[in-house]
Amino acid sequence: MDEERRGTWFGFGFCGFGQALGSGLGRQVHSPEPVRTPSGSVDVCRVSASWSYTAFVTRGGGVQLSGAAGGAADGYTDAWASEELLVLLRAGPGAGAELQAWAPGSALRGEPLWSQAVQEAEHGPNRDETQAGLLPLLPCARAYVSPRPPFYRPLAPTLRARRLELGAEHALLLDAAGQVFSWGAGRHGQLGHGTLEPEPEPRLLEALQGLRMAEVAAGGWHSVCLSETGDIYIWGWNESGQLALPTKSLAEDGKTTAGEASGLDEDGSEVKRVSAGEDGAPAPFIAVQPFPALLDLSPGSEAVKVSCGSRHTAVLTRTGELYTWGWGKYGQLGHKDTTTLDRPCRVEYFVDKQLQVRTVSCGPWNTYVYAVEKEKS
């Protein structure tokens with residue numbers, strides 16, 4: 001049996017509406033559990049989670065909804081879930097496809113709210129089907145879908161888009177040359193331009209020029225990107241430790257250093273000083289980081305995939321280990337508790353079960369991962 005057939009999707013975190021995690025409404029899943037779709041299918045290739053429901057895409061071309069929004073339909077190759085819209089990509093004849101937007105509560109019955117023909121981009125034979133789909137970036141890579149009007153938004157022809165991620169109030173775009181662009185609201189430093197000002201149009205992230213990026217991810221109000229060499233750059237809001245930088249909320253709970261003073265760092269980041277550092281000197285905690293900061297994961301680790309929830313972050317290494325940090329109230333970090341962390345922590349469940357994680361997809365308050373059995377030596 002090959003690795004693909006042995007793979008399993010796992011989920012953990014908030015399942016207050018029964019999002020295929022556990023067996024009851026209102027349950028919190030603090031440790032990874034195998035995902036159970038409404039039909040019992042295990043042949044899931046993509047997952048897109050919103051707050052109240054989750055969309056599962058199967059390799060057979062079907063989509064199943066779990067949670068507050070139910071329903072199932074065949075003939076779809078990708079899904080993107082948000083509270084305002086459920087956007088589906090229906091396969092068409094030849095290179096054509098149709099984009100459809102549904103009300104999440106429609107159960108996929110009747111007619112979509114709107115639909116639009118799109119031209120499929122060609123994909124190479126080695127495309128990993130367990131990765132997240134192209135949505136909200138459209139297959140033609142010249143436009144994208146937004147949960148708020150205008151729903152269909154064109155991109156400048158000069159932007160050769162490769163990946164697009166939408167946060168609560170901002171967008172990140174990775175282009176074909178490995179450059180990162182950001183735009184939208186900036187009051188939490190999530191754009192990475194060194195200010196808290198908004199940007200109406202995509203703006204190149206100058207702090208990362210000369211570094212080729214391979215992945216981008218947008219949280220609610222924070223951003224992460226991975227370089228082609230496996231380095232992690234992170235910026236934005238750190239209220240719950242989602243940047244893996246010391247945070248005031250944990251200091252007040254006694255989970256990190258305590259005591260404070262205020263000031264601005266040399267790069268303009270909002271820094272407050274907390275006492276009780278190892279040498280007795282004030283140690284900083286950071287509320288907002290408006291420039292990309294280089295994050296050390298663990299010695300020798302090379303990051304290859306990243307995903308962000310509303311206020312938590314998950315990173316996958318080349319060796320198949322999963323690290324999570326940030327807000328943990330609903331168990332979305334997978335550490336068997338509801339602890340909030342301002343440092344990367346490996347999810348030991350997959351190590352103990354001899355599983356390699358292949359991809360990760362965060363919902364606002366939960367996390368889904370695809371893992372395979374380690375090869376026997």
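Cβ atoms here come from the backbone N, Cα and C positions, even for glycine.
Heads up, TrEMBL stuff is auto-annotated, nobody curated it.
For 178-229 (among others), the entry in TrEMBL reads repeat 'RCC1'.
Confidence across the repeat 'RCC1' (230-319), taken as the mean pLDDT and rounded to a whole number, stands at 76. Residues annotated as repeat 'RCC1' in TrEMBL: 230-319 (among others).
Marked as repeat 'RCC1' by TrEMBL: 320-373 (among others).
Secondary structure by DSSP for the repeat 'RCC1' (320-373): 5 helix, 27 strand, 22 coil. For the repeat 'RCC1' (178-229), DSSP puts the residue distribution at 3 helix, 23 strand, 26 coil.
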